[in-house]
Amino acid sequence: MFPGARILATLTLALHLLHGTHAAIGPTGDMYIVNEDVSPDGFTRSAVVARSDPTTNGTSETLTGVLVQGNKGDNFQLNVLNQLSDTTMLKTTSIHWHGFFQSGSTWADGPAFVNQCPIASGNSFLYDFNVPDQAGTFWYHSHLSTQYCDGLRGPFIVYDPSDPHLSLYDVDNADTIITLEDWYHVVAPQNAVLPTADSTLINGKGRFAGGPTSALAVINVESNKRYRFRLISMSCDPNFTFSIDGHSLQVIEADAVNIVPIVVDSIQIFAGQRYSFVLNANQTVDNYWIRADPNLGSTGFDGGINSAILRYAGATEDDPTTTSSTSTPLEETNLVPLENPGAPGPAVPGGADININLAMAFDVTNFELTINGSPFKAPTAPVLLQILSGATTAASLLPSGSIYSLEANKVVEISIPALAVGGPHPFHLHGHTFDVIRSAGSTTYNFDTPARRDVVNTGTDANDNVTIRFVTDNPGPWFLHCHIDWHLEIGLAVVFAEDVTSITAPPAAWDDLCPIYDALSDSDKGGIA
């Protein structure tokens, strides 16, 4: 980046920090992983949270982790310090920076037992990676078992001073981030195998059915300003139907990919997905309900559940009395990439260099979810360590049946027929975005202007056969998994071992993670009832 552009980028980030009210770190900084008593919905419990400060003062009324932010072109150096002590939850950890390609830094991607061993309590690990050509809305979360369901998740924004949509909005800062989370009153290691959330949190706050009238998140706007809201589903399970009473949403980004603007009034968002939309605050000064209705658990909005408040400057500090009326939902097939649209390879189904069908199934006997007959079971040695130790083929890599070798510079087509059990399943591919040449609910293949993203809903209908394409231009072991964390825990994942002979060596500190972790006792690892 030339000096003038670097100065502009620094000023841009400074303005975002100045106008935002939330604590933030980035592109360098310390992230403390701590246990903290939280009461985001009026129920108090211990949680695993990410903070910019290791000290805790009483019970926190919000859950969402520290915001990480920077600019396109930045080098991120995020030092994760594990200070976990509560043995009822996992005490080790690893962090995945969701949506980043990690080109040349697959060791920093974060999934435990795929790209690294977990970080032991009392230890730290520096995630050092470059973001040369990505900008948009990302997030981070634990990628160890179901730990992020206990709270370890937060937003990650990369701003682009040359954003092609810059003329469409006036405000884009920390206060225009909207996070959606499902929250559980029982810690994950002691919860049911497939639990139902107790509440929905919007920006870390919410209410549960039958619970107290706890404070809801309030998002403040001024009349006649245009706001870029960044909507992030940090869900462990449910998808949400999101809307804001009385307002249309001009969608301009999906999963950190700029799109041709499209106006809707509701968005169905699945675990791991992100959207940016522009809201024009051109309605009567008042309070308006923000709604995020989950597909599971306590649905609806009685008593303010699944809700937050959009408040115009000058409005009273009361709950809204508005009603919902939506008729134009977002359709994935209408998401057209702004830059370089079009899927790689011949415009015919099955015409890629490598074509793989991934058939999901539910093994009732073993209570496992499988892909092509195999449940993913975390190996004792991370897949990356196995590769660096000389294992380079699917046959020699563990877990057996869950590794797929991919040659360099090939067009890959993945088809994922729907599984109704536990569906719809949102699948996330690490290390890449992909083109969705066939979406859920559609029988049409679109090679010219397919949606481009990194999490795709695979549908529930027997006729659904979601199909994606990408190019193997990024060496590494890359996870492909259901982003319903409870489903990943019982096997719904595979690993693509991509161009393994070109993988670069990790730093020395990475080499120390496994010996330290392997020496831990069960008590040191946590998750004990």
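Using N, Cα and C of the backbone, Cβ positions are placed for all residues, glycine too.
Summary of the site annotation: Swiss-Prot records Cu cation 4 binding at CYS482, HIS487. Screening the candidates HIS247, HIS425, HIS428 against this entry identifies HIS425 as the one listed for that site.
Note: Swiss-Prot links CYS149 through a disulfide bond to CYS236 (candidates: CYS117, CYS236).
Swiss-Prot marks one residue of ASN282, ASN372 with the annotation N-linked glycosylation site, and that residue is ASN282. Residue with Swiss-Prot feature N-linked glycosylation site, selected from ASN239, ASN465: ASN239. Reported as a whole number, the C-alpha separation between HIS481 (Cu cation 3 binding site) and HIS428 (Cu cation 1 binding site) equals 6 Å. According to DSSP, HIS487 (Cu cation 4 binding site) sits within a helical segment. Note: the Cu cation 2 site is recorded as HIS98, HIS141, HIS483; in the same chain, HIS96, TRP139, TYR140, HIS143, TYR148, ARG153, MET234, ALA271, GLY272, HIS428 also have Cβ atoms within 8 Å of that site's Cβ centroid.
Geometry remark: ASN282 (N-linked glycosylation site) versus HIS96 (Cu cation 1 binding site), CA distance 38 Å. Mapped onto three states, the DSSP output places ASN282 (N-linked glycosylation site) in coil. Taking the C-alpha positions, the distance from HIS98 (Cu cation 2 binding site) to ASN239 (N-linked glycosylation site) comes to 17 Å.
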